[in-house]
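One structure below.
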Amino acid sequence: MNRQTFDEVMVPVFAPNAFIPVRGSGLDLWDQDGKHYLDLTGGIAVSGLGHAPAELVEALTDQAKKLWHVSNYFTNEPVLKLAKALTEATFAEKVFFCNSGGEANEAAFKLARKWAHNHFGAKKSRIVSCLHSFHGRTLFTVTVGGQSKYTEGFEPLPQQIDHIPFNDIEAARAAIGDDVCAVVVEPVQGEGGILPASPEYLKALRQICDDKNALLIFDEIQCGMGRTGDLFAYMGYGVTPDIMTSAKALGNGFPIAAMLTTTEIANAFSVGSHGTTYGGNPLAAAVAYKALEIINKPEFLSRITEAGNKLKASLERVVADYPGVFAGVRGKGLMLGLVMSDKYHGKAAEITAAAAQQGLLLLLAGYDVIRYVPALVIKDEHIVQGEKLLRQALDTWLKASA
Ligand SMILES: *Cc1c(COP(=O)(O)O)cnc(C)c1O
């Protein structure tokens, strides 16, 4: 098996790296040749506790020996424990489990429409979302997402979906009329380039939604589960949504996602309104319960803020020492973006490729942002080592492109 096998047998929707990771531990990753990498990608904000964390391995294998699957004709203990823990930890009173972020948003948008239809009639069906947002790849969620390159060629698309510029309160006021059933926003845009919402913006959306009887949906699939230093980003903003979606780090790589809401809104669904075969299966629930228990501790969350500040300072030193290459650093907690300058527009991918050569794994967010969403358990020495490898990569790349 090698990278060429991918081109032979896989549907070509991804262009993975040339090397194939085979083993991971914490922030360390090794490929087929035994080459070591410092992994600062966190599996795209998924592996919050790093690769193969012992406590989750134990939770998974313990459950694997007991019960994997029982279907929705039955409930199971792990899922009830997880739902209780999530409702105790958040604003939510009810949880729906599924398997991916896209599915959680699909459930959220369907629920919002159903709720609005039940209370106000079928005309209240419009969904407003932000440009450059990302909400998943089902036809509904990709249409709600604010990146037309992902919907081109898939028409006809679901109707009554509008997009507004992110962080623009006036645009929100103009777009959110009485026919809007829901407004969806990522408190920190991930794929769109690591852009935090301003607190005023989220407060204004809350107010407008209240005025217009629209539901406010926060997509915390990337920015939740500790990533910003709060268990969920809405807590740091002090703005409570009506529906929130979680996935990615919820299962630390074991597929699970959740849609959280209030009892009043959840009651718009009834038996048969929506469903899933795997959602809330005992294996995934056991892993997520343990992940939540570890992350939702004050010491763990305050260390995320501390590590985020250190990583930010490290990246700011790099910005200062390579004048003209970068425009700056932005983000929140351990969700940071190193932004390319205009002069180096479109070059972020060359830098991440050069970094991989040095044994440092980094991500992109769009064409001009190098994205840092490392495991939340990142240590100070990883930050120091990451800066050293990034500098080596930049030196090599600048020499080669001169
Ligand atoms: C990753 C992501 C999704 C989609 O999650 P999948 O598990 O890939 O379906 C949705 N919203 C946001 C903000 C994401 O980052």
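The chain as shown is numbered from 1 upward.
The backbone N, Cα and C atoms fix where each Cβ goes, glycine too.
In the three-state DSSP reading, D219 (pyridoxal 5'-phosphate binding site) counts as strand. Residues or ranges marked as pyridoxal 5'-phosphate binding site by TrEMBL: F134, D219, E220, I221, Q222, T277.
The N(2)-acetyl-L-ornithine binding site annotation in TrEMBL covers R137, T276. According to its DSSP assignment, R137 (N(2)-acetyl-L-ornithine binding site) is coil. The Cβ of R137 (N(2)-acetyl-L-ornithine binding site) lies under 8 Å from the Cβ of G102, Y150, each of these being in the same chain and 6 or more residues away along the sequence.
The N6-(pyridoxal phosphate)lysine annotation in TrEMBL covers K248. Secondary structure at K248 (N6-(pyridoxal phosphate)lysine), as computed by DSSP, is helix. Its own atom aside, the Cβ of K248 (N6-(pyridoxal phosphate)lysine) has 27 Cβ atoms within 10 angstroms in the protein chains shown.
By the rule that a residue counts when its Cβ sits under 6 Å from some atom of ligand 1, the binding-site residues F134, D219, E220, I221, T276, T277 yield F134, D219, I221. The two recorded residues, I221 (pyridoxal 5'-phosphate binding site) and T276 (N(2)-acetyl-L-ornithine binding site), show a Cα separation of 19 Å. You'll find the Cα of F134 (pyridoxal 5'-phosphate binding site) roughly 22 Å from the Cα of T276 (N(2)-acetyl-L-ornithine binding site). Residues F134, D219, E220, I221, Q222, T277 are the ones the record ties to pyridoxal 5'-phosphate, and the longest Cα gap between any two of them is 25 Å.
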